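**Student:** To start, I am sharing the structure in question, which I have written as structure tokens.
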Amino acid sequence: MNLLDRSIALGSMGVSLGQLLLVLAMLTALLVGTWVGRKRKIRIGDSLFNALLIGIISARIIFIACYWDSYDSLWSWFDIRDRGFEPLAGLVAALSYLGWRLWRHPCERRPLGMAMLAGALAWSLTAGALTLMMPRGASLPATPLITLDSAEVSLPRLQQETGQPMVVNLWASWCPPCRREMPMLEQAQQQLDDVTFVFVNQGESASSIATFLERESLTLQHLYQDPHMSFGQQVGAVAMPTTLYYDADGNLVDSHFGELSRATLDRSLERLQ
């Protein structure tokens, strides 16, 4: 699984490592900048938060521009729960703003420069250490799953039969973002015949799943149960929804923690090509 999309459970909520690393880098930058500028009473907090805001907005705008056709309403542009951002565009925008601050406000150069350096180091060192600890060469797990009729299924065997890339969505009926994204995923499964969509329910009974499908008027192919959540544990998904993208050879190409939109789904599907 993508390091930054690896999920961590915090009580009933889940966050990704990418979100935690961003908070860590921001706090480190703020603390170092405040400490360096304390003697001259130079505050750089506003500059850092403005840079963060500019970066987030820019990353969102560029992502929407890249996947314009995948957004069907104005509201969906502002619904950032799909985590549709272009990180490089956001980074360039944030650094451009900080560069302008350093040029226009010489008094901020030392504390702001040290804050930027500290934040970058906190991000890179932590991400590097976590990357070294993660297992490499993730492939499609052979963890047994079962159909609603209690027949055993193996995803590697299914992929051998189809010969297609595979999208594996881990979900539960009690999970609000899982419910919101399900109609879009149903539509994608019906429209795309060159990708196998698999829905792996985490820990619920067949009757609960059937009741949910009937209530929501959903028709899903390749719907399986993971009653002991063994599959989720093996891929490192401790919160839902989590979506995994495997190429035709069963290698993990991409992952997404959190709610999907059609735009974020399309972005990940491009990486399967």
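Glycine is no exception: its Cβ is also placed from the backbone N, Cα and C atoms.
Computed from a predicted structure; not experimentally measured.
In case it helps, TrEMBL gives these features for our protein:
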type     : residues : note
TRANSMEM : 12-36    : transmembrane segment
TRANSMEM : 48-68    : transmembrane segment
TRANSMEM : 88-103   : transmembrane segment
TRANSMEM : 115-134  : transmembrane segment
DOMAIN   : 134-273  : domain 'Thioredoxin'
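How buried are these features, and what lies next to them?
**Tutor:** Within the chain carrying the transmembrane segment (12-36), a Cβ under 8 angstroms from the stretch's Cβ atoms is held by residues 3-6, 43-45, 48, 52, 110-112, 114-123, 126-127, 130, 238-240, 257-258, all 6 or more beyond its ends.
Residues 26, 29-30, 33, 77, 80, 84-87, 89-95, 97-98, 101, 112, 115, 263, 266-267 of the same chain, all 6+ positions outside the transmembrane segment (48-68), place their C-beta atoms under 8 angstroms from a C-beta of that stretch.
A Cβ distance under 8 Å defines the sequence-distant neighbours of the transmembrane segment (88-103), meaning residues of its chain 6+ beyond its ends; these are 47, 50-52, 54-59, 61-63, 109, 112-113, 116.
Residues 3-4, 6, 17, 21-22, 24-26, 28-33, 36, 44, 48, 98 of the same chain sit 6 or more residues outside the transmembrane segment (115-134) yet have a Cβ under 8 Å from a Cβ within it.
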